[in-house]
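Shown next, in structure tokens, is the structure this report addresses.
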Amino acid sequence: MASEVRGMRRGPDEFRSRWRLRVPSLVAVTTAVGSLGLAAGGTAGPLLAVSMVGSSGVAGVPVALNLAGSAVGALLVSHQAARGRRGQGLALGFAIGAVGAVVVVAAAAADSLVLVLAGSALLGTANSALFLSRYAAAAVVSEDRRGRALGQVLFATTVGAVLSPVLLGPSGEVADRIGLVRPSGAYLVAVLAFGGAALSFRLMAGRFSPGGGEPAAAHGLARAVRNPRTLPAVLTLAVTNFAMVAVMTVAPVRLDMHGNGLDVVGAVVALHVVCMFGPSLVTGYLADRHHPAALVAAGAVLLLGGGVVGAVGSDHHVPLMAVHLSLIGLGWNCGVVGGSALLGATAPGHLRTHLEGIGEAAMGVAAIAAAPLAGLASVLTGYAGLSIWFSICAAAGLVYCCWRVRVGSHRT
């Protein structure tokens with residue numbers, strides 16, 4: 001009789017344990033669906049703005065607002081997570097992004113640039129939810145499997161990151177048939193992708209580990225960010241994204257200027273994107289097997305190597321550019337997976353969700369700063385100068401972060 005009672009008690013626990021093992025896979029599938037809307041903000045936004053105004057001078061404005069919305073959205077989503085509503089926070093982020101896509105579609109129909117820009121900012125919230133979902137997967141597994149959970153979700157992002165640009169053509173035809181300009185088709189895809197992801201996370205909301213349960217005081221967060229063990233993780237995420245965005249702001253333009261067709265440019269960019277997300281299963285495993293700082297150090301080496309190839313090779317030599325951008329993508333992957341795992345390992349438990357949002361916001365701010373600086377640097381030093389100097393700075397920053405991790409571990 002006693003054994004039967006113990007078996008009955010064990011049943012629900014075993015069910016919950018098995019369910020928690022499935023959560024990272026469910027998050028990965030949901031993220032893959034949501035990532036199909038990525039092309040709306042990064043690619044279709046500039047095309048739509050230029051088609052409405054007739055000047056390339058506005059091309060960067062929707063992207064900048066999208067990045068700003070992503071930075072603010074990261075804080076919003078992480079705030080919800082810290083109150084024990086991680087699933088609801090992710091659902092809210094995707095839902096706001098879907099509303100932003102609807103606003104842009106309406107703006108395209110009304111020929112309103114102001115509404116396009118407003119919708120672009122709202123759209124950025126879905127981007128932050130998309131990338132914060134990796135922490136949701138890591139939160140439900142044991143500490144020795146967090147890196148693999150992070151990697152599984154980032155790997156799933158490859159689906160949308162590669163396929164969403166491919167959908168520009170077919171979705172543009174759909175938009176054309178219903179009387180909209182072709183670039184707005186990507187936003188129709190985003191409505192479905194972000195809406196589906198929002199619904200999925202809302203249904204999974206009760207399956208995530210709760211956060212700290214209370215909002216963090218500002219002074220407590222400030223101390224946590226300055227903590228010698230936590231600060232390197234946040235800096236790693238920011239520095240890594242800064243280097244990647246700087247290079248990718250200019251590289252496609254330079255390839256296009258040298259007479260390469262859009263198919264060539266698209267293929268090189270697609271290879272870069274695959275290198276950004278594709279190795280995540282391997283790098284996630286390495287983050288669990290070894291110290292995350294070792295992965296950050298590997299990212300520094302890869303970014304520096306990519307910078308050297310970009311500086312030595314010519315920016316119109318397609319094979320060398322492919323190698324150059326592949327190394328930058330691999331370096332970004334190591335930096336982001338390593339930095340994310342490092343943040344999970346060093347952040348105080350009651351502040352972890354807040355710090356996840358701060359790390360994501362730091363990546364957004366770094367991207368906002370990198371884009372105009374890269375354009376200026378390419379004018380002053382050429383693409384070779386941009387490539388080598390930005391890579392040297394990024395590698396030096398990551399090495400500094402690794403050193404800070406080592407010093408912090410000795411102090412504790």
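Cβ from N, Cα, C; glycine included.
A TrEMBL annotation is a machine prediction, not a hand-curated record.
In TrEMBL this protein carries:
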- 21-41: transmembrane segment (TRANSMEM)
- 47-77: transmembrane segment (TRANSMEM)
- 89-109: transmembrane segment (TRANSMEM)
- 115-137: transmembrane segment (TRANSMEM)
- 149-168: transmembrane segment (TRANSMEM)
- 180-201: transmembrane segment (TRANSMEM)
- 231-252: transmembrane segment (TRANSMEM)
- 264-286: transmembrane segment (TRANSMEM)
- 293-313: transmembrane segment (TRANSMEM)
- 325-345: transmembrane segment (TRANSMEM)
- 357-377: transmembrane segment (TRANSMEM)
- 383-403: transmembrane segment (TRANSMEM)
Worksheet, complete the sentence: For the transmembrane segment (325-345), the candidate among 149-168, 231-252, 293-313, 357-377 having the most Cβ pairs under 8 Å is 293-313
Worksheet, complete the sentence: For the transmembrane segment (264-286), the candidate among 47-77, 149-168, 293-313 having the most Cβ pairs under 8 Å is 149-168
Fill in: Contact call for the transmembrane segment (149-168) and the transmembrane segment (21-41): at least 3 Cβ pairs under 8 Å, seq gap 6+
yes
Fill in: Beyond the flanks of the transmembrane segment (21-41) by 6 or more, those residues with Cβ under 8 Å of it
62-63, 66, 94, 97, 101, 104, 120, 123-124, 126-127, 129-130, 133-134, 136-138, 140-141, 148-149, 152-153, 155-157, 159-161, 163-165, 167-168, 186-187, 189-194, 196-197, 200-201, 204, 207-208
Worksheet entry | Interface check, the transmembrane segment (383-403) with the transmembrane segment (293-313), three or more C-beta pairs under 8 A | yes
Fill in: For the transmembrane segment (357-377), sequence-distant contacts whose Cβ falls under 8 Å of one of its Cβ atoms, 6 or more beyond its ends
60, 63-64, 67-68, 70-72, 74-79, 81, 124, 128, 131-132, 221, 225, 233-235, 237-243, 245-247, 249-250, 339-340, 343, 385-386, 389-390
Worksheet item: In terms of Cβ proximity under 8 Å, which residues at least six beyond the ends of the transmembrane segment (231-252) contact it?
Response: 225, 265, 268-269, 272, 276, 293, 296, 299, 303, 306, 310, 315, 321, 324-325, 328-329, 331-332, 335-336, 338-340, 342-343, 346-347, 355, 358-360, 362-363, 365-367, 369-371, 373-375, 377-378, 383, 386-387, 390-391, 393-394, 397-398, 400-402, 404-405, 408
